[in-house]
Amino acid sequence: MVSLACSDILVLLIGMPVELYSAIWFPFTSASGNAFCKIYNFLFEACSYATILNVATLSFERYIATCYPFRFKTLGGKWTTGLITFAWVVALFVALPLLITMGTQGHIPVTRSTPVQNLTFCTNLREHWVMYRISIFFAFIVYMIVLVCVAFMCRAMILVLKKPMGFIEGSTSGNQRAIHNENSKVKSARKQTIVFLVLIVGSLMVCWLPNQIRRLMMAAMPKSNWTITYFRSYVILHPVADTFFYLSSVLNPFLYNLSSRQFRDVFMQVLRCHLTIAHKNQSTVQFRAAPKQSLQRPLLLKSLRRNRSSRTTVAKEETPSSFTTFQSQDDSGLGTDTQTSIIGTEEQILELKNRNVPSESEI
């Protein structure tokens, strides 16, 4: 979320001032305008593609957590860091050719080799036309791959979220009523999540597609070969594409604001500089910070001790008494108290000796 917010803010801070100044005058007419033109296009392209790649990585993590929750539990913080690094590295790689293909240059007709006027524009250079076309088409392919993958992952998550939750068998009517109420809350949360996923795919398609069409028009043919109709179409499409493109950077916070009540509460508390809501993982962190002695006892040792105690109890119940006190009478008929030791018959002794009880090491 922080990475996505940074890319959106950079798109607005880098692109909007240049766009607004372009409505008044040409922004790259100074002596160092060529270097600024290259840096501007490179940074703007990198931050733009970092935005959609961050959306793709967020959708991928949500897809794993929804469709494969047990596998998601095994992933740690390095996994998220790796996804963020991957998004920014790919974005920089997509924008890298613009450092070569873009620059300041005047309008050069087909029949001439120099500009017809003294004004210069930040545009694609004529001598690197082939490289510029390849970079624009490659960037469009990256956009289509991201769009298709996000749509596929959102569709898979929607199918999982639409699966109904049944009642617990053998539960009482009160428990069934509680489960029904809980399922109603879960169903409403799932519907909200489904709407959120649909809006993510819709925003990627609606907000980015006009700008991609405008870029393809730029790379389809050199400007010197444009017709009047082609030029008019480009001029009409340009403000519409820019509006929807910048709208995508503004739309992401609203989407996450609509999708999570906790996000809204935390956002308002951050604005007031007073954060009181505890994170849901706080209990998990406290559990992990507990003493490790009670958590790391080997389960095998517990099982061995339990089996040994149960074996001792059974042996005490089955073993006969070693000593028995009884009263014997002599031939004269007088009663005398005599204590006699009875150890048992030979069969019982042999049975006790031959009983094969495995030791703890064997278990």
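One-based numbering along the chain as shown.
Note: Cβ is positioned from N, Cα and C throughout, glycine not excepted.
Automatic, uncurated: that is what TrEMBL annotation is.
Copied over from TrEMBL, here are the features:
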COMPBIAS  320-340  compositional bias 'Polar residues'
DOMAIN    1-256  domain 'G-protein coupled receptors family 1 profile'
REGION    308-340  region 'Disordered'
TRANSMEM  38-58  transmembrane segment
TRANSMEM  79-100  transmembrane segment
TRANSMEM  134-161  transmembrane segment
TRANSMEM  194-213  transmembrane segment
TRANSMEM  233-255  transmembrane segment
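Listed by sequence, the residues of this chain that lie at least six past the ends of the transmembrane segment (233-255) yet keep a Cβ under 8 A from its Cβ atoms are 4-5, 8-9, 11-12, 15-16, 19, 48, 51, 55, 196, 199-200, 203-204, 206-208, 210-211, 213-214, 217-218, 226.
Averaged across the domain 'G-protein coupled receptors family 1 profile' (1-256), pLDDT for the predicted model comes to 82.
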